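Asker: What follows is a structure written as structure tokens; I'll ask about it next.
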Amino acid sequence: MIAQGLDKLTYQTGFGNHFSSEAIPGTLPVGQNSPQECAFGLYAEQLSGSAFTAPRKDNLRTWLYRRHPSVGHGPFEAVPRPDLRPPDDTNSEVTPDQLRWRPDEASGSGLDFVQGLRPMCGSGSPLQKSGYQIYTYAFTEAMEDFCFCNADGDFLLVVQQGPLLIVTELGLLHVAPCEVCVLPRGMRFAVGSTDGALARGYVLEVFEGHFTLPDLGLIGANGLANPRDFEVPVAHPCSERQQHQGHRLIQKLGGRLFAAQQQWSPFDVVAWHGNYVPYKYDLRKFCPMNTVRVDHADPSIFTVLTCPSAVPGTAVADLVVFPPRWSVAENTFRPPYFHRNVMNEYMGLICGAYEAKATFKPGGSSLHVCMSPHGPDLTSYNAATAIDTRAPQRLPSSTMAFMFEVNHTPRVMRSALQSPHLDQEYRQCWQGFPVAKAFGGKATSDAKAIDQPAENGTGALPGGQAQKEEVKAETISSTG
Ligand SMILES: [Fe+2]
């Protein structure tokens, strides 16, 4: 449960900083990491997120000063949870079909975050530290007496419904819809929501590497996701009462769950310093860059975070956002073009009303894998070719969509393919395109000349408000 006022938590800001925080003054060692005896008898413990010998720019670790060393738990026992196993021939399929899922409004009741994880697709092996897995989550119950530790990789959560309170070893994060957070490999955490309310969203788990900010190249020093907008918790050790409660540790390793009991809370870190941290980011702070004359920019221009692979320019996974913005390109088909990509695209919708695409509602998902063609549907194509592109359009402020763009081609979990929420009619949205008009098809518009001012001088679009609203909605909803 999220208590009143926790939405106004204190954070440190920045990305990639070497942060430090102490809940009790004097608990952080000065000039060293591991004194012979720490202040107040605390235990020093390092949590590493990279090999010790990784280059300095990639080296990640945090020192924790806690009341008990985290090793003092009982033996691990396997917890049956076969649906979390990495995708392979036994539980998933490869398909070139374009897929879309409607939001699952009913699931999540009575479940906690871990129980509410639903694998959708993925590729690779957590034991080989290669690839990723994508989930949705839905739950109502807080993780009151147990914590989760993902030894398989980093979790990136996209919150779609209901704010989350995430307790981590380094402090608290309040993560609201339209915000994302990253919980790094090995960090123990517990997730709750508002009292009994459904919390819902998406998870991208990367088995290799870590998320970082993309290089900006010729954009310059500013723009897209600015480092100062990332928020990192401050030390927040549990209360004395919570400290002595028994706690269950659930650890994921190799796609298997294991449970162990310990006699105290894992959230007993009094002070910490380092650069291996959980963090959150509000997608509404994203500073979009885009074309200002012609053509639709590739969606990489909207990259928020990237998890680089060993191949320069090819990510393990990117988080891409499609935020509210102006669309101004002249003589241009403004929605995303038809395309077949080498990368794979899993798209979700956080919020926004789509009048002309009722099947893609908030909480829904779509998947277009390597070389499977997709693009605007017939309705949006007709609308976008009919507008006067000499005037700008404002895409709705209420809308936020995102994409996980991933390199390894995913297998789709059989449970997702058999889901009643799989939209069996999805491909119908691309039916009915006439042959090009020069070959007998029906013309949809005449080409507009570049650099001609709007005839009425007001920037107003022809076709009335209804058409404009349809075009707005379609433009932002058909990125996938
Ligand atoms: Fe796409």
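Yeah, the Cβs are placed from backbone N, Cα and C, and that goes for glycine too.
Whatever TrEMBL says is automated annotation, not expert-curated.
Heads up, here are the entries from TrEMBL:
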- 10-283: domain 'Homogentisate 1,2-dioxygenase N-terminal' (DOMAIN)
- 74-102: region 'Disordered' (REGION)
- 284-434: domain 'Homogentisate 1,2-dioxygenase C-terminal' (DOMAIN)
- HIS296: active site, proton acceptor (ACT_SITE)
- HIS339, GLU345, HIS374: Fe cation binding site (BINDING)
- TYR354, HIS374: homogentisate binding site (BINDING)
- 444-480: region 'Disordered' (REGION)
Asker: Could you round the CA separation between HIS339 (Fe cation binding site) and the residue listed as 'active site, proton acceptor' to a whole angstrom and send it over?
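Answerer: So the alpha carbons of HIS339 (Fe cation binding site) and the residue listed as 'active site, proton acceptor' sit roughly 12 Å from each other.
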Asker: Which numbers of helix, strand and coil residues does DSSP report for the region 'Disordered' (74-102)?
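Answerer: Final tally across the stretch: 3 helix, 8 strand, 18 coil.
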Asker: Among the recorded positions HIS296, HIS339, HIS374, which residue has its Cβ surrounded by the fewest other Cβ atoms within 10 Å?
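Answerer: So among HIS296, HIS339, HIS374, the recorded positions given, the one with the fewest Cβ atoms within 10 Å is HIS339.
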Asker: Inside 10 Å of the Cβ of GLU345 (Fe cation binding site), count up the other Cβ atoms and send me the figure.
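Answerer: The answer is 22.
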Asker: In the three-state scheme derived from DSSP, which category covers the residue listed as 'active site, proton acceptor'?
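Answerer: SS state of the residue listed as 'active site, proton acceptor' = coil.
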Asker: Where does the mean pLDDT land for the domain 'Homogentisate 1,2-dioxygenase N-terminal' (10-283)?
Answerer: 95
Asker: About how far apart, in whole Å, are the alpha carbons (Cα) of the residue listed as 'active site, proton acceptor' and HIS374 (Fe cation binding site)?
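Answerer: The residue listed as 'active site, proton acceptor' and HIS374 (Fe cation binding site) have their Cα atoms 15 Å apart.
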